[in-house]
Amino acid sequence: MKSRWFTPLLIALTLASIAVHFWSTNEPLRFTLASISLLLWAALLGKATESVAHYAGERLGGFLNATFGNAAELIIAIFLVQKGLFDMVKASITGSIIGNLLLVLGLSIFAGGLKFKTQSFNTLLAGHNASLMLLAVIALFSPAAFDTQLDPSEMETFSLIIAGLLIASYLLWLIFSMITHKKELGEEPAVEVPTSDISQTSVAHEEKPEWTKNRSILLLFIAAVFVAIQSEWIVGSVEAVAHTLGWSELFVGAFLIAIIGNAAEHSAAIFLAMRNRIGAAVEIAVGSSLQIALFVAPALVFISLLFGKTMNLTFTAIEIAAIAIAAFIATSISRDGSTNWFEGVLLLIVYAILGTGFYLV
Amino acid sequence: MKSRWFTPLLIALTLASIAVHFWSTNEPLRFTLASISLLLWAALLGKATESVAHYAGERLGGFLNATFGNAAELIIAIFLVQKGLFDMVKASITGSIIGNLLLVLGLSIFAGGLKFKTQSFNTLLAGHNASLMLLAVIALFSPAAFDTQLDPSEMETFSLIIAGLLIASYLLWLIFSMITHKKELGEEPAVEVPTSDISQTSVAHEEKPEWTKNRSILLLFIAAVFVAIQSEWIVGSVEAVAHTLGWSELFVGAFLIAIIGNAAEHSAAIFLAMRNRIGAAVEIAVGSSLQIALFVAPALVFISLLFGKTMNLTFTAIEIAAIAIAAFIATSISRDGSTNWFEGVLLLIVYAILGTGFYLV
Amino acid sequence: MKSRWFTPLLIALTLASIAVHFWSTNEPLRFTLASISLLLWAALLGKATESVAHYAGERLGGFLNATFGNAAELIIAIFLVQKGLFDMVKASITGSIIGNLLLVLGLSIFAGGLKFKTQSFNTLLAGHNASLMLLAVIALFSPAAFDTQLDPSEMETFSLIIAGLLIASYLLWLIFSMITHKKELGEEPAVEVPTSDISQTSVAHEEKPEWTKNRSILLLFIAAVFVAIQSEWIVGSVEAVAHTLGWSELFVGAFLIAIIGNAAEHSAAIFLAMRNRIGAAVEIAVGSSLQIALFVAPALVFISLLFGKTMNLTFTAIEIAAIAIAAFIATSISRDGSTNWFEGVLLLIVYAILGTGFYLV
């Protein structure tokens, strides 16, 4: 962002993208402009997240990034809930969770691992992330396990109670991790172990940030908003293309939309991992998944109440299997608090297997 | 127990409770007297367990507490087996395992965590507990997995062989943990980290116990017997009330009865956790679960042989799921050998989810 | 092998065994000679593996042992694929994976644990082994999970893509573990903790090996070939006997054949564990399982293409359950990078439970 041309270019492209979005029907032009503009905003978002992390710590930086990113997804999901499209909501929740745990985390760990032989982060945090992911899997599995024995109204009650318990545990988690045990879950002293054979450039963490703390948070917020808007526009185009090609709803919802919809998490996490701030990258990827599973999904259950038709929490067997698989492999590679390129590959391979399955269905 | 009024009060209330149990039909009076008397006995049991732990180590203290507690459950289960009420036996085994792993352990960790920022215990023991819980899950899952492919007599054979293998592994575990690797599994040097903001009172472990070793074990035994008898009386009352309210057999068996039936483990484990002896609390809660799964349940299979009708080990899908969920989350939070209040909350949330499901069925 | 009579005896018995195999129909004689001769070759193989491990490290020694052992299994499986006996191929893959993870690893850890109180190996390797086993479970579970929703040709495509991804991840794993992170995954400094009460004989690792490096590898190769050939002959006899006794295909394929077919891994792993080289033993047992799951099984899918009929990767529910159970318990006991006799017992108990189930089906 040091270059003089960045800000003017960003503004020009954004305006152009807005113009064609509202006054043109030239689909390829709209898609291209939105994509390039998205890339620039995503770069700014990554930079802003790093800057916030510098002032407020990796965990808060990652948390804000994930929250701003998920706010957009929550808004989109509310529209779907209003229309009663519960299956699509659940598919996109599934896609978002596995996209963050496998694709975002996998790419971050892989990219970071190409530059640094071993990257490490707080093991206590890794352990708690694992337990919270397991809670999410249990909470989404339980309604399905009891499904045949409960009638619809009992299932509604069950879903509402689970949703309440999940939100309670997420709020308590924030109190635990941001207040009572903030220090214990903080970043480890960053030990930089550059890979001898690939690249020696070790980035100095002490680098003075360009922006003040408040400015960083503001830029993080603005960038997240534009990333959300423009990824939403791209989703529209992609959806049209996908349906022309005859791809299934499930694949489009759980993979294509999730990939573009999580652009904010993608760019920032990879950006940070390549600067050896793997702790922040994990916080974004895993933290975002947890927020979706423990806060966004249950919140949607309560929001559906307002529209008069309760969305329950019974996911399909394949969705639950995919979420459980993603949670288990992500836990298995991250539990020791250290990562390397091969562990990134493992996550990406699992993502490819699930993606193939969802594509073929 | 230092107070002078404790022993007279205990004796008076116990006698009163016995009197109304046999000569009165006033249900509320019987229930109230039994409950208060139970509370006093449970307090004595906790104190006696701590005293035994002082002389013989946390592990042996915990083991004796769990064994005396489970002896009562075994006796009750034998009566049910004799009547051929196998489903109720399995429900109560399930309830006892998840009650210990989620409720007792969760409350202990939560209560201890409110007083101490981080509590730690032997990680090698945590790892072995996890492997043994997994063995229990595998052993209870296997008959169900093969269920459709085996006829009833083959399933009896399968259940008997599994039961024999489980008892063998439990006995070998006692040899391993009490003889060949006693030292390796012993308590860690207790590092007390009182939470700065909640309470500073750190209990000195060197505190001279009030009772001699033999007297402690005797009191532990007597208290366990009275806790067992009186929790049994309360179970009777509760069951009557529950059926009036129309609660399901499964919920009453797996939750209500298990909660009251494990009063011995509850009181002692929480008592010890709040004195920063989390190792003993884990030993009671997890050790009691393991004893139920690896010894009591298989012993009941053999005992059923004596009554002429073999109980097999095929649990329902929901029971297996509940046991597996409890084992996995308990393992996930305890594997690193350190606990805090939020990990207690996680266990309690999972218990609430399962309890809701069982209640609604 | 220091004794003078070993080599002449080995040659004499091998020649005798070959003679009766081709010119005699006396089944008991053929079986006895092949078995004794196999034992001698297996002993030589163990010794050669240890010698290679001395020069090239435990990991490469273990890898070569596993590879030579699995080469034989691959050849046998190719004949079965050619005949279209896909179910038998899958049963033998299942048997080989659980045999290595439970029986070979269990016996090694148990035997080593009788001699040494605690044996330890590289924890980073243990963690990666666990993640790779989980990948294998996910890859074999996924086709079954999507089974009802895919038609046969889609399932073929899915199986081929998964097979390609597994082979890619296995090759990348070799690059990772043998090249980029060889040092990090190397053996820990061997800390020998002889059990005080059982045996004090601690084997000096510095012992000068009898053979040169090249000679060791050559002997490892030759011994592996003879072990493979003779275990194949024994399998033939055993199969005949088993069918006479009316044992099921599944039990014979997944247990009897797997036990004899993995003779190479068995002998070498136990031999090494008793010399306190538990790292090499784990490498053989777990490494062999991983090679079967991530390389042999997917390679067979591609090989089946050559014969005109594609073998898919849908295993039965029981096979997947058995593989997952074996992977989870092996991971649970090995994750901390230290083992003892009781952990060996746990693996053997689980093997016995599964074996009983497969026998009764």
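Backbone N, Cα and C define each Cβ position, glycine as well.
Because TrEMBL annotations are produced automatically, they should be read as predictions rather than curated entries.
Residues or ranges marked as transmembrane segment in TrEMBL: A:29-48 (among others).
What TrEMBL records for A:31-178 (among others) is domain 'Sodium/calcium exchanger membrane region'.
The transmembrane segment annotation in TrEMBL covers A:60-81 (among others).
Per TrEMBL, transmembrane segment is recorded for A:93-114 (among others).
The transmembrane segment annotation in TrEMBL covers A:126-146 (among others).
Listed by sequence, the residues of this chain that lie at least six past the ends of the transmembrane segment (A:158-176) yet keep a Cβ under 8 A from its Cβ atoms are 128, 132, 135-136, 139, 142-143, 146, 150, 290-291, 293-295, 297-299, 301-302, 305, 310-314. Feature annotation from TrEMBL assigns transmembrane segment to A:158-176 (among others).
Under the heading domain 'Sodium/calcium exchanger membrane region', TrEMBL lists A:216-354 (among others).
The feature transmembrane segment is assigned by TrEMBL to A:217-238 (among others).
Within the same chain, residues 38, 42-43, 45-47, 49-50, 53, 58, 65-66, 68-69, 72-73, 76, 88, 91-92, 94-96, 98-100, 103-105, 107-108, 111, 223-224, 227-228, 231-232, 234-235, 238-239, 242-243, 278, 280-281, 284-285, 288, 319, 322, 355, 358-359, 361 sit at least 6 positions outside the transmembrane segment (A:250-272) and bring their C-beta atoms closer than 8 Å to a C-beta of that stretch. Per TrEMBL, the feature transmembrane segment maps to A:250-272 (among others).
Residues or ranges marked as transmembrane segment in TrEMBL: A:284-307 (among others).
Residues or ranges marked as transmembrane segment by TrEMBL: A:313-334 (among others). For the transmembrane segment (A:313-334), the residues of the chain that approach it from at least six positions outside its boundaries are 90-91, 94, 97-98, 101-102, 105, 109, 126, 129-130, 133-134, 136-137, 139-141, 143-144, 147, 155, 158-159, 162-163, 254, 282, 286, 289, 293, 297-298, 301, 343, 346-347, 350-351, 354, 357-358, 361, judged by C-beta separation under 8 angstroms.
Residues or ranges marked as transmembrane segment by TrEMBL: A:341-360 (among others).
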Residue counts in helix (H, G, I), strand (E, B) and coil for the domain 'Sodium/calcium exchanger membrane region' (A:216-354), per DSSP?
114 helix, 2 strand, 23 coil
Per DSSP, what is the helix/strand/coil residue tally across the domain 'Sodium/calcium exchanger membrane region' (A:31-178)?
135 helix, 5 strand, 8 coil
